[in-house]
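Below is one structure, written out as structure tokens, with a few remarks after it.
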Amino acid sequence: MPRRPARGGRGRSALAAVVLLAPIAGIFAPLAAVAQEPTPSANAVAPALAAAAPLIAEPADGAFIDRNRVVVSGQGTEAGNTVTVSLAGSTACTTVVAVDLAWECLVPSLPNTAAAVIAAVEALADGTTNDATITLAVLGPPLLDEVSPTPGYVTGSGHPDSTVTVSVAGTTCAVRVAASGYWSCTPLSAAGAKPATGSHPVSAQQSHPAIGAGSSSALTSRTIAFDTQRPEPPVILQPSDNSRVTRLPANFRGTGENGATVDVYLGGVPVCAAVVSGGEWGCAGGSGTTSGSQTARAVQRDQANNYSDPSAIVRFSVGPAAPAQTLTPTPSPTTEPSPSAQPSAPPASYPPASESPWPLPEAGSPLAEALANWGTPTDFSSGIPGLHESIERGNWWRAPLLALVAILLVALPLRLLASTLRGRIRWPLGQITGRNTVRESPAAFPANAADAAAPGWWTPWLAMSLPFAVTVAFMVVAGGVSGEVRYVRLAVAIAGALALINVVGVAVATRIGSAWQRVDTQFRFRGLLFAAAIVSGLVSRLIGLSPPLVTGTLIGMRPDPTAAVHKRAIVGLIQGGTVLALGLAGWLSYLAIGPVVGFWLSLFSEFFAALCLVGLGSAVMLLAPVGGLPGRVVYEWHRWAWFGIAFVVATIAFGVLLGGASARFPLGTLLMMAGGVAALCIGGWAYFSFVARPASEPNRVRPLR
């Protein structure tokens, strides 16, 4: 039978193992406890970091900053850490985290932009960094220039394409900044007045639609002195009016406003300037001035650059006075001389035998200068106004009144007299009233305008060659002339303008209108237009009108009398409209060139000035309802249409012809002349209607037709 192990032996073995392993267990027990202790996970650290304050707290990301500097602030992670703030990659400022972990840093210069990127970097103790980035919209206030005193405008610089709003003493203005950054505007009140003279605080701010959704910048302010009162025109005391200056440069002297600068002009050319001191000024100039008649004017500008109106014109002559003519003594009857008589000395006015009583032209003499001043401007266009000047002087509210006067006192009375004289007087020099010549029958009119013009297309042009030259001469005289070669240049410029008006404004425009309306027309020289050109030139010269009122169309159309009246009227309106457009184009071109000196620039300037004056004057003349003029056909077609068109054209013409600051428009004289024309026409109508009435018309008064 097998032997079983004893129970006591197994127990003793287990006890022995426990005793042996106990020390080892004591060694590994602490390690096991450490191994069983839970380790913090990443998920447990994240909430702690999220609870910390952001590195950049102010300003918020995407905020609008209304000035060109900003304070950036936030919370660091440990006191003493260095925070570096950068703008667009460049360091803007550096600061240290405070004990309370707060920090702030001033960025001194921010550009105007819709996206300024600002980054903050905190350097940690272990060598790592903590960083944050924000984007800001920045538009700082504009800058105000230190212009003081100012005549009323305010200038400065700002962000391109932004809108600057300026406020000063109850006046405001808004202006868009140019691409260069410059801006300028004149603050005005609701009534259109500038700020009162004196020192006022000026504030300005700007906005841009692409920056901060159009938010406005902060205000900038500055105290600026305003001087909005224009000085009075200066006075020229020397040379006096109608005097003579024997040598150049001439001495100019006069009175003005203390501290102002006076500029003196001879024939529209500046010759010298002087500052007024003690109410007086003086300067010398005009070395290049030619001999002959000259006109001097002066303009003064104060310290705020307010310009006065030009002074009164002073006319004087340059060059030595002509020697007085002496008479040869008549011999007395032969008598025996008294023994005590002594021979008398020859008169002092007798020239020495070896000298001529007339000065010979030498280099630098007045005659030599008169033959060499090709590039000196003339006064022909001195009164033509600029667009702003014509508005500022009130030309455009006075022009409609003058247009109405011209229609009522000149155009309609002439029409009345022309209707009365129809069929009574035969004019040997051509048709003047429109119906006083024998009418051709429709069969006598060529069936085709080209056939009519083919045998002698040059006839009207040849017929008007001499009148053309005469018209040029009278236009030169209308603006004033002296014996100098620069007036030859002026004549060339006027001739070019006249040619353009007659060729393009009359011939080409009429051909186009005739082709459009299918109306056969011929061209003929119009004696009435030639007479008007001469009279307008003489009147302008006699009454001193500046700019002169002149006309220059010499040819007219003769439409087929069988054509419908409305078609003939349309052709005439195309002709008149083209002439008016050429006049306005000449005005704008003259303004675009501006002040000139030199032959070619003066030639072009005078050409455009002549084109302006001839075009405007001729457009008014063509609408006169007399003779074979387009205005007569339009009047036949529709009287009220004629009245409206004539009123508009005359208003435009007078708006320019009223002139600028240097213009001379003797309104009283012109009104008296217009009244005289009306009186003569009405008197003629009354005479032929009631006194010299034909026996066949005993009781009929001819109406206005």
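Numbering starts at 1 and runs along the chain as it is shown here.
Cβ atoms are placed via backbone N, Cα and C, with glycine included.
Annotation comment: TrEMBL describes 194-216 (among others) as region 'Disordered'.
The residues of the compositional bias 'Polar residues' (200-216), classed with DSSP into helix (H, G, I), strand (E, B) and coil, number 3 helix, 9 strand, 5 coil. Per TrEMBL, the feature compositional bias 'Polar residues' maps to 200-216.
The region 'Disordered' annotation in TrEMBL covers 226-245 (among others).
Per TrEMBL, region 'Disordered' is recorded for 322-365 (among others).
The transmembrane segment annotation in TrEMBL covers 396-418 (among others). Residues 390, 432-435, 620, 623-627, 631, 635, 643, 646-647, 650-655, 658, 671, 674-675, 677-678, 680-682, 684-685, 704 of the same chain, all 6+ positions outside the transmembrane segment (396-418), place their C-beta atoms under 8 angstroms from a C-beta of that stretch.
Summarising the annotation, TrEMBL assigns transmembrane segment to 461-481 (among others).
Among residues of the same chain six or more beyond the transmembrane segment (487-508), those with a C-beta under 8 A of the stretch's C-beta atoms are 374, 378, 380, 464, 468, 471-473, 475-476, 479, 481, 523, 552-557, 575, 578-579, 582, 586, 599, 602-604, 606-611, 614-615, 618. The transmembrane segment annotation in TrEMBL covers 487-508 (among others).
Tertiary neighbourhood of the transmembrane segment (528-550): same-chain residues 379-384, 430-432, 464, 467, 470-471, 474-475, 477-480, 556, 609, 613-614, 617, 621, 626-629, 656-657, 659, 662-666, 669-670, 673, selected by CB-CB distance under 8 Å and a gap of 6+ residues from either end. What TrEMBL lists as transmembrane segment is 528-550 (among others).
Sequence annotations record features per position, and here TrEMBL assigns transmembrane segment to 570-600 (among others). Same-chain residues lying 6 or more positions outside the transmembrane segment (570-600) and placing a CB less than 8 Å from one of its CB atoms are 268-269, 374-377, 381, 384, 386-387, 489, 497, 500-501, 504-506, 508-510, 512-514, 516-517, 519, 521, 553, 557, 559, 607-619, 622-623, 629-631, 633-634, 645, 649, 652-653, 656.
Annotated transmembrane segment per TrEMBL: 607-628 (among others), in sequence order. Non-local neighbours of the transmembrane segment (607-628) in the same chain are 380-381, 384, 406, 411-412, 414-415, 418, 431-434, 475, 493-494, 496-498, 500-501, 505, 524, 526, 528-529, 532, 536, 547-553, 556-558, 572, 575-576, 579-587, 589-590, 593, 634-635, 642, 645-646, 649-650, 652-653, 656-657; each lies 6+ residues outside the stretch with a CB under 8 Å from one of its CB atoms.
As annotated by TrEMBL, transmembrane segment applies to 640-658 (among others).
Within its own chain, the transmembrane segment (670-688) has Cβ neighbours under 8 Å at 405-406, 408-410, 413-414, 416-417, 420-421, 424, 539, 543, 702, counting only residues six or more beyond its boundaries. The transmembrane segment annotation in TrEMBL covers 670-688 (among others).
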